[in-house]
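S.K.: Input: one structure, supplied below.
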Amino acid sequence: MAAKGLFSLSVLFFASYNGLAQEMLNLGDVPIENPDLFGGDILGVEEYEDRNAVVDSRNLWPGGIVPYVKDPGLKATVFDFILQQAFDEYKKKTCIQFVPRTTEKDYIRIFPGQGCYSHAGRTGNQQPVSLGQGCGWYGTVIHELGHAIGFYHEQNRSDRDDWLIIYWENVKEGMEDQFFKLKPHQNQLLTPFDYDSIMLYGSYTFSKDRKRLKTMVGKDGRFLVEVVSKSG
């Protein structure tokens, strides 16, 4: 009886996993392409400020500790083990640690909102990190947590044109500002340009036709992999 029950639970888990995985596969990077947000997934940015990371110390997490709470509904869009792997990746490769909130005043609330989005850096009090429908990919989770700790997108850097070719004619009408290059005099770049960065979007981002028309490639012609397909 116990073995039969365990088998039934396994079937239900894999059916759920396969269904969610197929749903995410169909959506690709679309959930991080919100036309109303800076870069498609960054809250609270009213003007273009040139940086690949926040530079105001008030936006940094003290000691690299990021307290979090998980919305109970998150299980519908992100598997627990994927979120935990993302936390572990930051702990292993950076000085950042995501820890369950106890009494901290400033923390992130991870919940299943409409699409994927976050503020860039610490904003104070509770701040949202949305991992909604289609946002459960490991790469996407790493990407949104990257915003939460203070990183912006690679494609908006002031030195972008040294590394990327933008096909403006293929960009969806009205979405051109998502590819604006930031101003050199505001430059606060902290790391070299990285084609493999989890913060760099794919070649079909904001495309008129995601199956045929690329919006950006590397200066050397290289194809840019979607965030959902990256491993951190």
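Positions of Cβ are set from backbone N, Cα and C atoms, glycine also.
Keep in mind that what you see is a predicted model, and the values were worked out from it rather than measured.
Reproduced below are the annotations present in TrEMBL:
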type     : residues               : note
SIGNAL   : 1-21                   : signal peptide
DOMAIN   : 52-232                 : domain 'Peptidase M12A'
BINDING  : His143, His147, His153 : Zn(2+) binding site
ACT_SITE : Glu144                 : active site
S.K.: Per residue, counting other C-beta atoms within 10 angstroms of the C-beta, which of the binding-site residues His147, His153 reaches the highest number?
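M.R.: Per the Cβ count within 10 Å, the most buried is His153.
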S.K.: Which has the fewest other Cβ atoms within 10 Å: His143, Glu144, the recorded positions listed?
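M.R.: Candidates: the recorded positions His143, Glu144. Fewest Cβ atoms within 10 Å: Glu144.
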S.K.: In DSSP terms, helix, strand or coil for His153 (Zn(2+) binding site)?
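M.R.: SS state of His153 (Zn(2+) binding site) = coil.
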S.K.: What is the pLDDT of the domain 'Peptidase M12A' (52-232) when averaged and given as a whole number?
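M.R.: Summing pLDDT over the domain 'Peptidase M12A' (52-232) and dividing by its length gives 91.
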S.K.: Just the number: how many Å between the Cα atoms of His153 (Zn(2+) binding site) and Glu144 (active site)?
M.R.: 11
